[in-house]
Amino acid sequence: MKRGLLVVLSGPSGVGKGTVLKEFIDDPSLKLAYSVSLTTREKRPNEVEGVNYNFVSRDQFESAIKNGELLEYAEFVGNYYGTPLSTVNKLRDEGKNVLLEIEVQGCIQVREKCPDALTIFLVPPSMEELEKRIRGRNTEPEEIVQQRLAKANRELDMVGQYKYVVCNEDPKLAADIISIIIKRHMD
Ligand SMILES: Nc1ncnc2c1ncn2[C@@H]1O[C@H](COP(=O)(O)OP(=O)(O)OP(=O)(O)O)[C@@H](O)[C@H]1O
Ligand SMILES: Nc1nc2c(ncn2[C@@H]2O[C@H](COP(=O)(O)O)[C@@H](O)[C@H]2O)c(=O)[nH]1
């Protein structure tokens, strides 16, 4: 059986990664499996343990780092986020194309370890629109919104690290473009 691809969808917080991926993740022709990350962040009211994230303590996360259990990890605005290595390997060995939805530092680590990873950077139409989206989501207090926006400016400078850049003006259109990119790499 052909080993599955490693697909990395990255981009600044609030650009719409989660919104766009909902438009293509269940397309059976893409054979995708979503990699559920570990995080030390507080669960948001609409999130489900084991579906959006596996929510863990800082001690549990640091043990996972020490034991080499993570493909990549990063500290993002005060919390740890990381990708469980064994799950990614198992799914890829089953022929599934594994989708990571991660921030920029994590993507750089993935590229170093898996140079053939298919890396896609989602960008907003403008910084004003990005700010509108983060605020409109209403999930973070003002202080965290400010930190995420400051980080977004630095992350957008890393656009050259990615194989593909897709603008999220319209989620369905962005999803269609990403689906075409994945299909091309499945051949
Ligand atoms: N193309 C779009 N046009 C307008 N609003 C959008 C678009 N895409 C996403 N949004 C809105 O922007 C907000 C942020 O989207 P989303 O939560 O998917 O971003 P994200 O990149 O996954 O964020 P994070 O990395 O912080 O998890 C949501 O309220 C979503 O409905
Ligand atoms: N490096 C990693 N980044 C991750 C991972 N899982 C999610 N993320 C990214 O963190 C930020 C913040 O997420 P939020 O859910 O608190 O809004 C966002 O850019 C995510 O894509 C991971 O495993 N590794």
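Any Cβ shown, glycine's included, is placed from N, Cα and C.
Sequence annotations record features per position, and here TrEMBL assigns domain 'Guanylate kinase-like' to 4-183. This prediction places the mean pLDDT of the domain 'Guanylate kinase-like' (4-183) at 97.
Cβ neighbours of G18 (ATP binding site) (same chain, under 8 Å, six or more residues apart in sequence): E101. The ATP binding site feature in TrEMBL is assigned to G11, P12, S13, G14, V15, G16, K17, G18.
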Query - Listed in sequence order, residues not in G11, P12, S13, G14, V15, G16, K17, G18 with Cβ within 8 Å of the centre of the ATP site Cβ atoms - result: L122, P124, L130, R133, N168
Query raised in the report: When the Cβ positions of the binding-site residues S13, G14, G18 are compared with the atoms of ligand 2, which fall under 6 Å?
Result: S13
Report summary line: P12 (ATP binding site) falls, by three-state DSSP, under coil
Report summary line: For G14 (ATP binding site), the nonlocal same-chain Cβ neighbours (under 8 Å, six or more residues apart) come out as P124, L130, E131, R133, I134, R137, R148, A152
